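K.L.:
Okay, here's the structure, questions in a sec.
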Amino acid sequence: MWLSTFLALLIFVECVIVVYIPAYIESKLSKIKKNRFFNMENFENIASGAILALAFLHMLPEVIILSNKKNMNLYYIFILVLVSVTFLNITDILYDHHFESTFDVNCTLACENSNNQIKNINDKEITTNYIDIKSNEVIDLELKAMDTNINNNNNNNNNNKTDPCKTNIFFEIFKSNSFFIVLSLFIHSFIEGLLMGSLKDKNAIIIVGLSMLAHKWAECLIVYKNVVNKIENPLLASIYAWSFILSLPLGVFIAIFSFPSNEFVEIIFSSIACGFFLYLSFNMTKEIKITKSNKHFISFSYFLGVGGMSTLMILFNSFESNNII
């Protein structure tokens, strides 16, 4: 019991650090000269590769082994994976469409009109054959007045036209796919906690706990990328983040006191989580801008994540098979 509790505490600390530290690191990196390798793009790229390896070498084999024990057809597993990938694609497309449709066209038109007015004033100034100090002062006053009016109009528009998504927390929940990602990760981590808490052999507990410590950081970066860094409502972002952070320790404590892991439930949600991981592995890289100077670093960081996580998973799988540590 104490060993499972200690490992659950370590995983809890790891999750808190990896979910919240990247925002601090990103703000620090933005203030210094950008390094071609040590930047958030490459760190996220490493996480993307690690998530891909995690899906293929940890989740999918685990689900296949459990399904064979339950005499389930593998087609059901792959259907669940395919449905989860398709579902996330649809919700992500809807989120992008909503984001584009909320673009403030009126503000853009006001800025264009102000630029045209400034251009007309400058044209009048150029066509004048003489330079009068008083006329220049008048033009300056007109420009300042225009800027003041534009700022006031923008402030009024921002005050009067509040985004309903920001004021309605229930609409914010289903505005993007963050809810479904966190729900899947919560259930997956909760089941992992049930598994670790229901183990009795110390060697098995250590192997499973260290394996979770080795790969949990990749899941935390998913939460950072898709929740902490994406959701505008800070209260909702905190609820999502802490739900994920507490999911594994909660599963451990419940398993210790009463409720063991259920293999059928584990098959379903591990299959869904596997599909989510496959999708997110490629989705996290879609905003990366590849240039001539960084293309080699982008490729290297991705395969570093794949190779590093693959090595860790193969190592811990061999420990599990041999039951040694």
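Cβ coordinates are placed from backbone N, Cα and C, and glycine is handled just like the others.
Keep in mind it's a predicted model, so treat the numbers as computed, not measured.
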K.L.:
If I look at Swiss-Prot, which residue among N106, N283 would I find recorded as N-linked glycosylation site?
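P.N.:
Annotation hit in Swiss-Prot: N106.
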K.L.:
Looking at N89, N160, which is the one Swiss-Prot tags with N-linked glycosylation site?
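P.N.:
According to Swiss-Prot, the N-linked glycosylation site annotation belongs to N160.
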K.L.:
What stretch, picked from 46-66, 179-199, 264-284, has the most CB pairs under 8 A with the transmembrane segment (296-316)?
P.N.:
46-66
K.L.:
Do any residues of this chain, six or more beyond the ends of the transmembrane segment (264-284), have a C-beta under 8 angstroms from a C-beta of it, and if so which?
P.N.:
44-45, 47-49, 51-52, 54-55, 59-60, 62-63, 66-67, 70, 72, 77, 80-85, 88-89, 92, 180-181, 184-185, 187-188, 191, 195, 222, 225-226
K.L.:
Mind checking which residues reach the transmembrane segment (74-94)? Cβ under 8 Å, same chain, six or more beyond either end.
P.N.:
60, 63-64, 67, 176-177, 180-181, 184, 267-268, 271-276, 278-280, 283
K.L.:
Short question: most Cβ pairs under 8 Å with the transmembrane segment (179-199), which of 5-25, 46-66, 239-259?
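P.N.:
Checked against 5-25, 46-66, 239-259; highest Cβ contact count belongs to 239-259.
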K.L.:
Using a Cβ cut-off under 8 Å, which residues of the same chain at least 6 positions beyond either end of the transmembrane segment (46-66) come close to it?
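P.N.:
Those are 74, 77, 81, 211, 215, 217-219, 221-222, 225, 263, 266-267, 270-271, 273-274, 277-278, 280-282, 284-285, 301-310, 313-314, 317, in sequence order.
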